[in-house]
Amino acid sequence: MAKYAELIPNFLTFVKINTRSDPHSTSIPSADRETQFLDQLKDRLIKMGLTDVHTNEQSAYVFVTLPGNVDKPVPTVGFISHIDTADFNAENINPQIIENYDGYSVIKLDEKGEYTLDPKVFPSLKKYEGQTLITTDGSTLLGADDKAGVAEIISAVTYLQSHPAVKHGDIKIAFGPDEEIGTGADHFDVKDFGADVAYTVDGGPLGDLNYETFNAADAQVTIKGTDVHPAEAKGIMVNAIQVGMDFHAALPDFDRPEKTQDREGFFHLYDFQGTVDHTEMGYIIRDHDRDRFEARKRLFKGIANQMNSDFGEDRVKVTLKDQYYNMGEVIKKDPTPVKIAEQAMKNVGVKPHVFPVRGGTDGSKISYMGLPTPNIFAGGENMHGRFEYVSEQAMEKAVDVVLEIAKGYAEK
Ligand SMILES: [Zn+2]
C-alpha cells in the first residue's frame, strides 16, 4: 500500500481541474477558475477538521492552521504552494500513469506517438527506473507545478493528524493563486499567515533546495520617431525602429539568456513592436548580485541618456520597475531554515541539491516581507509544458521532507 494513501488520488483529482492563471487579467486571482479551486480546497481542509481555515481577503490565499502538540514554545512553520498552472493548455488534463518505469523506454504521450518522453531527449528519465511516473497525454501540461506541492502538503497534514506521537509546533498552510504570472505573492499577508519561517513547496526534482533567486526588474523602452517621406528624409527622419535596434546593440552582447548560465545575469528583450513613428520594447533585467543588478539598471538608463543627448532631445524613454529581489540576502542573515531543510532531506535519504534559481519564487517576495521562505522540491520535471512529469516516489519523499522539517523545528 502506498505510504500516503491519498497523495496520488488527490494529485490526480487536482491536476484535472483547470486552474491556469491569466496574464492579461488584473483581478485577484487572475481567473475565476482559480477562485473555484481555492474554494474547493477550503471545503476539503475544513472537512479535514483543520482550524482557522480562511481566505485572506487582500491576497486571495487560503490560510489554514494545524495546531501544534508540544508544550514548549517552538517556531511556527509555514508551507506554501500555488494552485495556478503556467501559460500552457490546461483544458482536459488527462494524466497517464506508467508503473514500474524501466528507465530507458520511450514513453508515448499521445496515441499517435507524436509527442514522446525519450530518455535521449530527456536524460532525467533515467533516474526513475522502477518508479511510477505520471505524465500528460501530450495535449496539455500536467500541473505538477504546483499541484504536486498542494497534494504533498495535504498528505503531510493528514499524516500528522493521524500520528499524534509525531511532535510538531503550530503549522501554517497557504495555498495561493497567480504564481506563474508573478503576482500571486504581491499581496501575501505575512501577519495574518502567522508563521515564523516558511517554505514554498514549489521546486523541481527530488532534492532541490533554493534560497537564492534573481533580483528582477521589468524595463519598458518607448521611442519617439519622426516619420517623413523616405524620398525627402535626409537629415529629418528619425526611424524609431532603427533607434530601437541601436539601443539594443548598445547592451552587452554576451548578457542574454541564451548565452548565460548559473550566476550570470542578463538583459532579455522579450517584446519589440515598432513603426518609424513609434517603437516599444520590453525587457527583463536579471542578476543574482544586487550591486550588479543596480549597475545593470544604471547602464540601461545610461544608454537612453546618451542617445537622448546625441539627439539633442528626449526620444528614448526608459521605465524601470523592480519586480523582486534575491531572497538570499534575507536568508543569509540567519541560514537556519536552509540548514533544517538540508537536515530534513538527509534524514529521509535525499541528497540536497542547493542552487540559485534563475528566476523568482513566491518566497523571493515573501522573504522581503519579513518571513524567510526558501523553496523545496515538489518533484516535477520539465515543467510548464506537455513534457511535464512527476514520479510518485519523488512526491512521497517531498511529503517525508515536509514532515521532517516540521519535526526539526519542534526539536529546537
Ligand atoms: Zn511553481
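Using N, Cα and C of the backbone, Cβ positions are placed for all residues, glycine too.
Bear in mind that TrEMBL entries carry predicted annotations, made automatically and left uncurated.
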>> Using only what TrEMBL says about Zn(2+) 1 binding by His82, Asp145, identify which of Asp32, Asp196, Asp202 is listed for that site too.
In response: Asp202
> Taking Glu99, Glu180, Glu342 as the options, which does TrEMBL list with Asp145, His384 at the Zn(2+) 2 site?
Replying inline: Glu180
> Which recorded positions from the set Asp84, Asp145, Glu179, Asp202 come within 10 angstroms of His384 (Zn(2+) 2 binding site), judged by C-alpha positions?
Replying inline: Asp145
> When the pLDDT values for the domain 'Peptidase M20 dimerisation' (211-309) are averaged, what is the result?
Replying inline: 97
>> I want the residues beyond His82, Asp145, Asp202 whose C-beta is within 8 angstroms of the mean position of the Zn(2+) 1 site's C-beta atoms, in chain order.
In response: Ser81, Asp146, Gly149, Glu179, Glu180, Thr200, Val201, Asp362, Ala378
> Is any of Asp84, Asp145, Asp202, His384 (recorded positions) within Cβ reach of ligand 1, i.e. under 6 A, and which?
Replying inline: Asp145, Asp202
>> Suppose the Zn(2+) 2 site is Asp145, Glu180, His384. Which further residues of the same chain have a Cβ inside 8 angstroms of that site's Cβ centroid?
In response: Thr85, Ala86, Asp87, Phe88, Leu141, Gly143, Asp146, Glu179, Met383
>> Measuring Cα to Cα, how many Å separate Asp84 (active site) from Glu180 (Zn(2+) 2 binding site)?
In response: 7
